[in-house]
Amino acid sequence: MKLFGTMNINDIGNFEIGNCDAVDLANEYGTPLYVMDEELVRNNCKLFNGNFLMEGIDTEVIYASKAFLNVAICKIIKEEGLSLDVVSGGELYTALKANFPPSKIYMHGNNKTEDELIFAIKSGVGRIIVDNRQELELLEILCEELDKNIDVLLRVNPGIEAHTHKYIQTSKNDSKFGESIFSEDIQFIINKFQMSNRVNLKGFHCHIGSQIFEENSFYSSALVMIEFMKEIENKCNFITKELNLGGGFGVRYSEEDDQMDIKRCLNTLLRLIKDGIENMNMSIPKLMIEPGRSIVANAGTTLYKIGGTKQTYGGKQYMFVDGGMTDNPRTALYDAKYEAVVANKMNFEYEEIYTVAGKCCESGDIIIKDIELPKVERNDVLAVLSTGAYNYSMSSNYNRILKPAVVFVKDGESRLAVKRETYEDLIRNDILL
Ligand SMILES: Cc1ncc(COP(=O)(O)O)c(C=O)c1O
Ligand SMILES: N[C@@H](CCCC[NH3+])C(=O)O
């Protein structure tokens, strides 16, 4: 089993993160609890920021905040010098509340509402990523009404079939995201941008999917984009000044996954782009990438208290935890695989096979299928690893279960970043009779 970042086993045989005993964290803050290893988040930011660099190329790393967003993480991302990708009014609002500089915010979405577009324009976001022709038309009207100009990228779809779960592929030809580079409309759309006095097209954005390990998919997408840029330069006389290649870098969740060599991948990507563009006699645009998962996934751990176990007549042994698909829907959605440890029994022998199930009224409420662990008892603490991405951000109140608290740990100190929900929070918007 691979431990990430600052994870360790302490002198009394307990699991620790950021030099904080996980059992103490569970007792102090309650469970379920999302624990974020601040040092690992910062190191991941540095890994991307420090390696997406090449002399003579202007580059920018943008954190895709959908993976995990709250005020605390915005502050860390800002301090580490990354920009921020938001995809809704709510994400934008959170970033602004954290005093994230609006000029470093990229606003995405395949169906931004009028209100969201107005919010983005008025807030002065750095770029809006225009998804399609209708959105361009709407944006022009809104900018005219608000008497504002806006810099944008057009989301295009290079048609790369990335090898990942079909629910998280985003760039197939029938994807709901962006306009296909093969579409007959594409030149017409670019001409429309060129005629606009309000909406200033800086370049293109593409994103081929998430949890991709196949480095060649990233390279192919970049090369297809370069050819597309050349074609557009020839046919529309449009010079691409910015190219955003999206995120999607794969993360190791379990032994089934590889560990991507981010440094090598980024260096190869930049070199390929530089050579490709120079060979075509074009000038190199500013290059951006948008990692989300790879910044936060391994830095997150979810702590649960174990409620008990059950041996079924059919032969399965369940371990019940005090959370479930409400704090981690990824197993139910994508058949995601996780590893876990019993935080208060790190040096115990592994002798049982458990299926870790949550407390929801749903048979699919499973977090881990068949994991080998020490024999557990009620009130032991289970730590599920690599839950930093798309867990907190996709959590729900199904069965009116309260969303867990989030704490950040670093150098033996823990600090609350998001409070645990209360029953009062649950009925806050209910109209009381
Ligand atoms: C446009 C865009 N950018 C960036 C990301 C981040 O992807 P990941 O978390 O896989 O790095 C996503 C999510 O897939 C996305 O849709
Ligand atoms: N939410 C997905 C990934 C979607 C990425 C955003 N486009 C996951 O947990 O893996």
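Backbone N, Cα and C define each Cβ position, glycine as well.
Remember, predicted model here, so these are calculated numbers, not experimental data.
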TrEMBL feature coiled coil, matched against 73-100, 129-156, 381-408, maps to 129-156
Listed in TrEMBL for the substrate site shared with Arg330, Tyr334, Glu362, Tyr390, one of Arg264, Arg271, Arg293, Arg428:
Arg293
Pyridoxal 5'-phosphate binding, same site as Glu290, Pro291, Gly292, Arg293, Tyr390 - TrEMBL member from Gly203, Gly209, Gly248:
Gly248
Within the set Gly248, Pro291, Arg330, Tyr334, Glu362, Tyr390, which binding-site residues show a CB-to-ligand 1 distance under 6 A?
Gly248, Pro291
Give the nonlocal contacts of the coiled coil (129-156) in its own chain as ranges (CB under 8 Å, at least six residues past its ends).
106-112, 114, 117-118, 121-122, 177-181, 185-186, 188-190, 192-193, 196-207, 225, 228, 242, 244
Tell me which of the recorded positions Lys66, Arg330, Glu362 ends up closest to Glu290 (pyridoxal 5'-phosphate binding site) in space, Cα to Cα.
Lys66
Near Tyr390 (pyridoxal 5'-phosphate binding site), which of the binding-site residues Arg330, Tyr334, Glu362 can be found within 10 Å, Cα to Cα?
Arg330
